[in-house]
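Peer 1: My questions will all concern the structure given below.
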Amino acid sequence: MTLEAIRYSPGSLQILDQLQLPEHCHYEALSSVQQASEAIRAMKVRGAPAIALVGCLSLAVELRAGAGGPGLAALVAFVRDQLRLLVAARPTAVNMARAARDLGQVAAQEAEREGATEETVRERVIRFAEDMLEKDLKDNRSIGDLGARHLLEQTNPRGGKVTVLTHCNTGALATAGYGTALGVIRSLHEMGRLEHTFCTETRPYNQGARLTAFELVYEQIPATLITDSMAAAAMAHRGVSAVVVGADRVVANGDTANKIGTYQLAIVAKHHGVPFYVAAPSSSCDLHLETGKEIVIEERPSQELTDLNGVRIAAQGIRVWNPAFDVTPHELITGGIITELGVFAPEELRGALSASVFSEGQTLDSPWV
């Protein structure tokens with residue numbers, strides 16, 4: 001049985017409440033964009049691709065129930081307002097913003113078509129949102145295959161096995177299924193070329209310990225959990241062949257926003273001569289921004305750092321800085337950026353993706369919503 005972060009059928013959306021993992025597998029029904037926004041903000045669902053999918057599918061559920069209108073203009077305005085609410089839930093990940101732009105345009109274009117009705121606008125937006133599920137899974141499979149083959153060519157072309165270190169959670173729980181960085185690891189395992197996986201606990205939210213370790217055990221992939229502070233020692237003494245991480249936003253020059261702690265992993269990897277890869281769909285690539293300095297970094301509540309399962313573990317009165325993400329400079333991404341379209345050096349990204357990512361009249365100046 002495959003792990004599912006999202007269960008969807010027309011008119012019905014359920015998410016696996018990831019706050020309850022690994023102790024309990026509980027699915028929560030979402031019937032509105034407001035509920036989806038709250039679930040995203042609370043991190044019941046997380047991972048840039050999954051956030052976009054849940055957001056758009058929650059809108060599809062609302063529209064199928066007849067929300068929006070009356071009138072075409074009011075319906076298009078409703079769609080755009082709901083999309084803005086979803087984008088604001090967690091602003092660092094670009095996938096939701098890109099999906100909001102696309103869905104908003106789909107609604108507006110359909111409304112302008114001769115003979116358009118509220119029903120045709122709803123159907124067009126719903127169909128677009130539902131198609132995202134299939135596309136994300138297909139893209140993940142491509143990322144896994146392309147990334148695994150490139151990694152093997154660069155690190156062990158003679159046919160041996162490799163050991164990979166990863167950070168946070170980038171598997172089936174963060175996507176429509178299979179995963180991005182964890183998809184590369186899964187592909188290596190399926191090819192019989194994976195020796196071992198090291199996954200970091202990923203403090204302070206412990207996505208690695210709670211979610212990635214859960215997926216690896218579930219899929220029977222050989223793995224060891226380490227603390228974040230053990231990564232350098234693992235690279236020095238445990239034969240790490242490559243580091244593969246995901247991304248919440250990759251900008252035009254290749255700078256990458258990902259879970260806090262990614263930046264220091266890239267520095268350590270470069271010191272040890274270990275190739276450092278970013279695995280992300282093209283929907284996570286934001287060519288509107290030139291460098292990582294322009295990325296808005298979400299900051300999380302202090303309690304996520306000072307409390308554990310409701311128990312205070314830090315001194316009262318201590319100040320807390322709790323950014324959810326950091327930005328890895330492109331020059332530290334030495335292995336490449338793995339997308340469903342190929343594996344690219346950071347400096348190749350803009351040219352390689354421009355025609356594909358910004359198709360159908362989109363430009364670098366096109367607004368997200």
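Every residue, even glycine, has its Cβ placed from backbone N, Cα and C.
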Peer 1: Can you tell me which of these residues Swiss-Prot lists as omega-N-methylarginine: Arg113, Arg158?
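Peer 2: Going through Arg113, Arg158 one by one, Swiss-Prot flags Arg158 as omega-N-methylarginine.
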Peer 1: Write down the Cα-Cα distance for Cys168 (site 'Transition state stabilizer') and Asp248 (active site, proton donor), rounded and given in Å.
Peer 2: 11
Peer 1: Work out how many Å separate Cys168 (site 'Transition state stabilizer') and Arg158 (omega-N-methylarginine) at their Cα atoms, rounded off.
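Peer 2: That separation, Cα to Cα, works out to 30 Å.
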